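**Q** Structure provided below as structure tokens; questions to follow.
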Amino acid sequence: MRNDGLRIEGLTIATLGAHPLMLVEGVGLEVRRGRILALVGASGSGKSLTCAGALDVLPAGVRRLSGRVLLDGEEQALAGLKGRHVASIMQNPRSAFNPVRTMRAHGVETLKALGRHDRRSEAVLLQALEGVGLEDPGRVLGLHAFEMSGGMLQRMMIALALLTEAPFLFADEPTTDLDLVVQARVLSLLEGVVAERGLGLLIVTHDMGVVARLADDVAVMAQGRIVESGPVGEIFHRPRHDATRALVAAHLSLYGLEGVA
């Protein structure tokens, strides 16, 4: 067993109440530094809940029954994982920002939470925005979310996530509601971040095009369980589970094997 990454073991999540419904059951994943793991599955398969459960940020009405996270072989408290060890980019960037606060205010808030807010904060924020390809970062820092496009907001979310300097990044459907050109730019940005910083990236998606474009390894979810996992080429060329075959067949019918290793 490798000990140089982030491992999620035995994660089980259920609804509250006398008769709980299992939503995620016995999920195990491994995210390695410098590699991209795609967690893929149909809507409702448990992908986003898996991310939320691993980071101890589950929504109301559900609870984690079991599961642990190991970093380089050592168990970590889930409550302390987010921010220090794992940065996150969640769905729908527009809803992630307070509409009455500027991007500068959000950036300062992030730096304060990290204990890094000082007289150099403005320069740090400008550099962070430049690093994700936001043009005229000084102007962008003065904008509110409603003044920005979806692509700009997604880049801003990535910039704030990278301020944490965490070795792992969870990205939950980062290209949802973006047009194809902006999607490609965001994926290129994430790919570059992994290559340049050696981050381990877990990307949650239902889009096999994103998987083909970005992933090194793939884990397929169906009905709250991991039903298949392996290198991206193996998943596309030799899918074993019915859920995987359905996802691959739908993608191949539209795009063929273009871009798949």
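Numbers run from 1 along the shown chain.
Just so you know, glycine gets a Cβ as well, placed from its N, Cα and C.
Features from Swiss-Prot:
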{"type": "BINDING", "residues": "Gly41, Ala42, Ser43, Gly44, Ser45, Gly46, Lys47, Ser48", "note": "ATP binding site"}
{"type": "DOMAIN", "residues": "6-248", "note": "domain 'ABC transporter'"}
**Q** Among the binding-site residues Ser43, Ser45, Ser48, which residue has the fewest other Cβ atoms within 10 Å of its own Cβ?
**A** Ser43
**Q** Enumerate the residues of the same chain, Gly41, Ala42, Ser43, Gly44, Ser45, Gly46, Lys47, Ser48 excluded, that satisfy the criterion Cβ within 8 A of the mean position of the Cβ atoms of the recorded ATP site; list them in sequence order.
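**A** Neighbours within 8 Å of the Cβ centroid, excluding Gly41, Ala42, Ser43, Gly44, Ser45, Gly46, Lys47, Ser48: His206, Met221.
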**Q** What three-state class does DSSP give Ser45 (ATP binding site)?
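**A** Its secondary structure by DSSP: coil.
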**Q** Under 8 Å between C-beta atoms and at least six apart in sequence, can you list the same-chain neighbours of Gly44 (ATP binding site), or say none if there are none?
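**A** Sequence-distant Cβ neighbours: none.
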